[in-house]
Structure formats: structure tokens, C-alpha cells
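Quick look at what TrEMBL lists:
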ACT_SITE  Arg300  active site
BINDING   Arg618, Thr882  substrate binding site
DOMAIN    8-458  domain 'Biotin carboxylation'
DOMAIN    128-325  domain 'ATP-grasp'
DOMAIN    537-806  domain 'Pyruvate carboxyltransferase'
DOMAIN    1078-1153  domain 'Lipoyl-binding'
MOD_RES   Lys1119  N6-biotinyllysine
Amino acid sequence: MSAIVEHPIRSVLVANRGEIAVRVFRACSELGIRSIAIYSEQDKMHMHRQKADESYLIGHGLAPVAAYLNIPEIIKIAKEHDVDAIHPGYGFLSESAEFAEACVKAGIRFIGPTPKVVRTMGDKVAARKVAIEANVPVVPGTELPVSTAADAVEFCKTHGLPVMVKAAFGGGGRGMRVVRKLEDVADMFNLASGEAKAAFGDGSMFIEKFVEKARHIEVQLLGDEYGNVVHLYERDCSVQRRHQKVVEVAPAPNLDEDVREEMASAAVRLAKHVGYTGAGTAEFLLEPSGKFYFIEVNARIQVEHTITEEITGVDLVQSQIRIAEGASLPSLGLTQENIRIDGFAIQCRITTEDPAEGFRPDSGRIDVFRSGEGMGIRLDGASAFAGAIISPYYDSLLVKVISHARDLYSSASKMDRALREFRVRGVKTNIPFLLNVLEHARFLAGTLDTNFLDEHPQLFTFLPQQNRAQKILNYVGEVLVNGPTTPLATSLKPAVVVPVVPLTPHTAPHPTSGWRKILLDHGPAAFAAAVRAHPKLLLMDTTLRDAHQSLLATRVRTYDLVRIAPFVAHKLSRLYSLENWGGATFDVSMRFLHECPWERLIALRKLIPNVPFQMLLRGANAVGYTNYPDNVVYKFCELAVRNGMDIFRVFDSLNYLPNLLLGIDAVAKAGGVVEAAISYTGDVSDPSKTKYDLNYYLRLASALVDAGTHILCVKDMAGLLKPQAARLLISALRAQHPTMPIHVHTHDTSGAGVASMLEAARAGADIVDVAVDSMSGMTSQPSFGAIVASLQGTEQATEFGLEEVSAYSSYWEQARTLYAPFECTTTLKSGTADVYLHEIPGGQYTNLQFQAYSLGLGSQFHKVKAAYAEANMLLGDIIKVTPSSKVVGDLAQFMAQNKLTSKEVEERAEELSFPKSVVEFMRGEIGQPHGGFPEPLRSKILKGLPGIEGRPGAQLAPFDFEAATIDLKERFGGRIREEDVMSYALYPQVASDFFTFREKFGPVCKLETRIFLVGPKTGEEFEVTIEKGKTLSFKTLAVAVDLNKHGRREVFYEVNGQLRSVFIRDRGAAKEHTFHPKAEKGIKGQVGAPMPGSVIELKVAEGEKVPKGAALVVLSAMKMEMIVQAPMDGVVSKIHVTKDMKLDAEDLIITIV
């Protein structure tokens, strides 16, 4: 061996970027060497330039990758700044013999092998040749690089398939394709060659036999200029996706010791044969039989060098530098006998890729970054911090996580724990996928091969990260920048108040059992019998549903309901039931409150386990405004019972018996309590009103009892049941059905509600509906407290005292002020007897009022009410309750807006375009009204459209729940539940919009109501409990005055004391700017960019017919090309991009119809 001569290095320039540059800078710092960074224009804010002692811009005006491939400029900077040596890192020029040669010629040391060795090892064909010379087994393949697709096809015809097409000059998985079909060879060759050209500057390819079921094993080598070579054992790199390593393990688990020794010896033999110096890796494919083949040498440091450092304790980067200074391996203590394995290490590459979208690269700003650390964890990164901008121009690697422990299982456990601690927001990452890999039994057993990912598709199935805090910030920012997301009906603002919840006893954690225990223990029939046998008047509280529907346009949120729920469970446990679900609350929850109605039911059931829940079921209309296939109604009732619903008030808006019978049967089959309802209108005490007389109601009641109802309800939805009418009707029903419980519901619009309910009770009613005092009266139900007080000291006295009612009322008195924008008292100041004239249902009154405001008819609401009465008579004096009441309301609004009288409507019906609901009613789409349709008005409105005879839903095909589930999961992800599918079956567009909103803004139902409606004040602090034991603290700091170039405003917050910001598009200001449209999620024919990048080729033209899967465009980003395929069969109606256009993720590319 020649004499050892060392030449100290004083400064090192790293011709690279990102984490490997930082890794080298750290090694330099530890060795006392000055470090120099270079950076492209796109990297001017990147962390690696800040970690160096000096940094210099390179490649001004060049493309992002080209900047780091500019050899003359790199050499120029090195010479100008007195650089002793250049470290190439990995990728870019690290395996360029031309670059190594340029360094040597410039008198600068190249930290790596000699140019000759780089050229030999970088040429896959030459590397095969020297491997054969060194007696190292190789995979059969081309002897020379292949530069054309035609030559590739010819090779495959001669040698057979499958083959691996790979870059002749480069690695890292780029420019690699497995080809199994001859017809695919040319396309795959061209794609791989294009990638190789972009990444390495040379598109020449190498073709070799593809070894099936192989393990990818690489041996780490170090050599010095004195002929010494040592191995540092091996790494298993078999876990690969698209031929890029994802997870690496050192040493290779379950590797036979003889094979380990043979492979390491072959690697050392090859390195000595070529005179290798510095760090390098010999890569092999290992067959299950134990036979291995050399595939290539990576003549550079590798991404996964870290795990070798962990198990051997050898700093490979420092060793590279010391070897370049002239040190020998023995002088560094690196003799083979001194190198030992200590435990197992795993490396995971966290990348900014979205595993739910085929690992689409993501770019943008990191809004939140929190890493996983602790014992046995090492992090190597450069751009992982809050505020960092992830560029679309470079590799998507964010940070490398390395775990080290005594065995594979322990190392995997540490890695799993560390990854779960990570929080990265603003860009997508592959962490969910990595966790799936780490937790798989085969990985933990160490039985890996390169087919591992392909053979386990379940590894690619995962729930997306919830990212709740950031989504809530986006929502609050949206409200602050663009205003309320739910339309406010008036100019009134929510009060700045937090309603005080009355105390519940801490000594009684479980509330007293109530009527629900009888139902659960003995079933619906026994429950009904117990109700009938009960001597006192029972009460149903409507505060949680109908009361706020009537007074506050159905806008009360789950947030305020669950706050008072424990008090209700403890203090009002003897309620017959709580009406808290169904009816208009179902769609309004999604449409305006942006919350899931099913989650409301589940949350309330958990907090109130003892009181029966009651809902409003619109017979064959379920909780909708139209008819549905029968299987939808049956499935809805089944799911409602499963999630905690007990009693179903089944009604039909026209008292149409076939619709009622379907609802009754659906509830009975689901196991719920059937409370069949007679919808009341007219006045049974007025002999002049003959259409809906006493006999009509008695006949209908008998039909409902015969159908099997457990409880009979009189549903007076407009408050028309006068005291004397209540006495007459309930007495007659009690006489006709002595054993049947009778439940009476009314609205207090006229102010006579309490008197009517007391008369009903005296006449034999078992249950009446009330609303707590502060939510009662006017269009709501009669006062809870008034009924209680009126019956005190009588045989029918309720089981409640005024104290608990008063405490309950106090909460709602405060809570009601939060909903000031929706207050019915905007126009309705007191009860009004004109309800006997217009007959508007209480639950519709405020909604109709706010519709009038939105149509500019707010000051003419008295005319709308008069028109309502006229519209009702035009339609034949029908029962008015949802959805028939909507028909009357729509016609009334139509008449008021167009200043039409009843006579004009009748005369001009053939020329007028009526509201859709009116046409549907006249067709018979909601059933047949008592007394038939009005003629000739019906025929004039239908204009030749055929009418529907019989029950409308009977003619509908069953809803395909399975197909809907598949569609929704495809559109909205794996968190779609059975209940979500039901919401979609009932309200397809409303549910789709809600799912989109939920995905974008998260659990906004957790926000305080004022914050939800109008947002916080600047400087205001507020808390959000996103789940039990997880409360986030927010503070709104400021909203930027100026827009950024994308038309967005930055909104600043503190979250748990840490500064965060979000960018919100200002929709008002954005109208003055032009932005590329985004593909709308959920519209299948809108094809968006799967990743940020440039359009390099258009494959189709407008008007062209394309099959599903057809290539549409080719994008290039992050040194990777991607073919965007058609998601469906159809015709290209519009192309929204041009060649070379730069796109952001989800930018609209093509529309297919």
C-alpha cells in the first residue's frame, strides 16, 4: 500500500438541495469545515441555504431542475469562493462522470469515486461488464444502452417478457418501468426515457430480465484510494412503489448468513476490481432460492444511508469527506473486523404525496408541522417546518424518519409511534400509507419482496386524516372574509352571550329511568298500554324540534341542544317523550347548519338515555318533500331506530291513507312505536264547515287503529283546534277507541293553545305537546309552565314542578338570543287570531316569512298571508302540512310576487308557469287530496301532463343503496357511513353539498353558535372541543388588507398559543381577477390535474369520443410524468388547458359529457 498522504479540506460546496445538502453541512460543521450551498430561484426560501455557512444563487432564468444540472456555473461558483471540494449528494449530478471530471480539471476535489469509476458504474451496461469480470452474477439484459423504442421492441421480441426498462445513467426509481405486454413496450420506453432525460440529462435506457418475487438487497461499501474496501452490511429495500424505495430496513431481516456473506463478498470484490473510493452501494436482486444477481452500483451516498449509520455507528458522510482528504480506512478505524451490526433500523420517507389520490404529489405551504421524536428516532429533513413552501418542481421528500432498536419489531413500534405523532397540515403526506405498511404482519415478520405492495392492496386503503383544527380555521376565515355561510334572514346579530346551563346533580351520574325503560324492556304495545293506564297527563316537549322550527326557522344547532341535554335527562326524566328529530330539521341540518342530522340524534341519545325520543315521519315522504321508493322509507326507519329513535309520529300531508299505511308498516317493522297522526284542519265545532267534519276524522282514526298504530295523534299543525273543537273531537275519539292512547299536538298561533290542550286533557287525551316557556307561544306550542301550573292540584296534575321548568326556560331564554337573525318576532310580535283565516302551519310561518324577505316581499307579508288563504282555496281547501303546506306557500308567494288574484290564476292558468311543487301536487305526486283535485284548474296547470293514480311511491323502482355507497365513497372517501348514504337517498344534492362542505371545513358543529354564524371578533379567544379530552384554544389576530396574487386574504390566528394562518379566497374581490377554474369534486366528467405540474402533451381533441381509462393529457412535475386518464366513457366537450401550461392541483383540465 502506498504511503498515506492527507490533504485537509477547508471548504465544501454541496451541489444539491434539500435534506441531503443539510446532512452534508452538518457533517462539515462537525469536522470544522466551511460549508457552501447553492440554490435555484425556486429554492430561495428553502432551509438548506440557511443551514450552510454561505449560499449562492445558481441558474438564473433556468428551469428549476436545470439550475442544479448547470456544471459550468457550479464550477464557477466553487472557484470564485475558494472551494476545496464538492459533494454531489444524491440525484442531480451525483452520478455524472462529466461533473466529476469537471471538478478534477478545475482542481477541486470531487467527494466520491474517480470520474472513470463514476462513468463505469453509472453506465448500466459497463457496470454489468465489470461485474462479470469480477465474477459477480448478473441479470440477463442488454449489453449496450438502448436509445430508441424500436430497439427496445426488438430486444423484447428476441428475449421475451417481462422486462425492466430502466435509465442507463441514473437511479432512484426514475425512468423505470416493468413491461409485461409487447404492445406496451414502445409507450413505456418513451415514458421512462423522458423521465430519465428530465432527471439525469440522458434518456438512454437499459433493458434486463425482470426477476419475479425478488428481494431488493443493497450492500453499503466504503473504499479508500489505497485499495482498501469494507462493507457495512446490507439494507433490505424491497418495499417499493413504482420502483422507488418507500421503507428500508437494515440489516435485511431473515437473510441467510451464508447468502449475506456471499453477497457482501461479491460487493467488495466488485469494488476492489474497479478501484472504488468513497461511499457506494452494490445492489442485488435475491430470489427465494437464495440465488442473487447484481443489478447496479450507485456510485454515491444513498437516501437510505442513515439506517446503516444507525446499526454500525459509522458516519458515512464524514467518512466520505475524510477519504477525499486522503485518509485510509484503517486510519479511520474502519477495518472489516471492527464493523458490527447493532440491532435493527428502519427508514420511512415522508413525502408530500396524497396516498388517497394515487400518491399524487402535493405542493403548497405547510400550515402546521409537528414532528415525532424521542428515544430511538432520528429525523433528517430540510423543509419540514410551519410556513415552508413545498415546491412542485422537485422531489416530494419532506423528511426521513429513522428508528433504531434492538430488534425489528421494537424498531417498527418506535417508527409507528413517531409517525403517529406527526402533524402535517397544508399539504398531503403519505403517513397513513406508511403506517399501514409498518403494521402489516408480513413487514413485522420481515418476509418482504418487491411484490409486497402489489400483493396487498389493502395497504392502500385508509381513512384520510381528519385535519380538524385546520379545517375549522378555514371555516372561520371563510366567514370573516366572505360573510356567513348560512344566510341570515334579518339584519339582527347573534347576542354575545354564553347561555348558562342549569346544574345537574353530581351525586347522580346516571339519570333516573323514565318511560323509555318500559319501552326497551317490554316493547311498543306494552309501552302504549302503560301510557293509557297512567292517571296523569303526560307531556311531550317540542323545544328541541318543532318549537325552534316554528320560532327560529329550524336553525337551532346541535351545539346548543347537547349543552342542555344532561339537565333534561336528570330533571325532566318523566317526560313522555322529547321531539328532537325528523321533519324539517333533517335537511336544514345539512343545508344551512352544515351538520349531520344523524350525529345530532346519536349525540342526544348518548346524553339522554332515559327519555323516549320522538320524531316526525312524513309517511311515504319519510323526512323529505317528495315520494321515495318504498325501500328508502323502510331503511330510514330501521336506521333511525338503530341510532336511538323510539316514537314515530307518522302523518301524511293530505291524510292520504295509502301513504300513511306505508309509514306505519315501515316503523312497525323497524321496531319503533307507531304514533299515527290525523292532520287536523277546518273546525269540527263549526257546522258550516262540512269538508272536514267530525265523521271524517272518526273514519280516518278507525282506519289508523285498524292499521296497527300504538298511539293515536291529532296533529293540529296550524293551531286551528279551538277549545270547544278539542273537547268535541277528543271526546268522540275517546268514546270510539277507549283503550287507545291519544296524543294531541297544536300550535299557539292564536293564543288559545293552552286552553285547547286543557280541554283536550279533560276530554280524555293522554298526552299533549308543550314547549318550554321561553320557546313557547305564537307559532310554537303552548307553554310547558302554563300547562303544569294549570293542572296543579287536579287529578291530571303533571309530574313536574315549576322550578325545573323555570330553570330549563332560563337556558333557552338566553340561547334564543343567539338566533336573533332568524327570530319570528321580527314581524310577529304576539299571537294572532288571523290564523283562523289563513291557516298557515306554525312550523311554516317563520320559514314563509323569511322566504318573503328573500324575495323582497318582507313589507308585504300580510299580502302573502292573504294570498296563502286564496291559494289554499284554489287548490281545493287541502290539509296543510309539509309537503302540502309548501305547495300552498309556493303558490301564495307566486301570486303575491306576480300580483295575481285567485280569479286571474284560474283564468290565466294555461299560460302561467307555476311553481314546480304546484305542478307536482296537481299530478298526484304527493298523493290524492280528500275530495279530489280542483277542476278545471288541475287540467289547465298540467297542460296535458298525465296524472298519477294511487300511491306515487308504489310506481318507483327500489333505490340502489349498494351503487350509491360505491359512488359516494369514490366521490367523498372512506368515511362515508350507511347513514350518509341514507341522507343522500333522501336529499341527493343537499347531502352531496354537505359532504363537500364537511370535507373542506370539518366539524363546524363544534363551534359556538355566534362564532359559527358571524365569526369571532378580532382579538377574541374561543375554544373548540373536537372530541372528548381534546379542546383547542383559538385566538383571531387579524385579516390581511391586501390580496395575494391568487386573490386570497391571509387570516392570522393563534392555535394553542402557536401562530397559524390560512389563505381564504375573497369571492367579492376575486370577481375582479381571472383564475383558472377548479374541477368540481363530485362531478365525474370534470377532470382535474392530479398534481401540480406542466402540460407536456394533449392526447385528445374537443369533440373526440373517449372510453373510460383513455389517455387525455400527459403532465410533468417533480421529475415525474403522469398520464391523466378519462374517468368515464363520453365525449370531450371542452379542453381547458394548452401545451406547456402550468397547473395547480385540481385545476380543470378537460370536461367530458
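Note: Cβ is positioned from N, Cα and C throughout, glycine not excepted.
Within the same chain, residues at least 6 positions away in sequence whose Cβ sits under 8 Å from that of Arg618 (substrate binding site) are Gly583, Gly624, Phe651, Asp652, Ser653, Gly663, Thr882, Pro883. Taking a C-beta cut-off of under 8 Å and a sequence gap of six or more, Arg300 (active site) has these contacts in its own chain: Pro88, Gly89, Tyr90, Ser94, Glu95, Gly112, Ala279, Gly280. Over all protein chains present, the Cβ of Thr882 (substrate binding site) has 25 other Cβ atoms lying within 10 Å. Secondary structure of the domain 'Lipoyl-binding' (1078-1153), assigned with DSSP and counted as helix (H, G, I), strand (E, B) and coil, comes to 0 helix, 39 strand, 37 coil. Summed and averaged per residue, pLDDT over the domain 'Biotin carboxylation' (8-458) gives 92.
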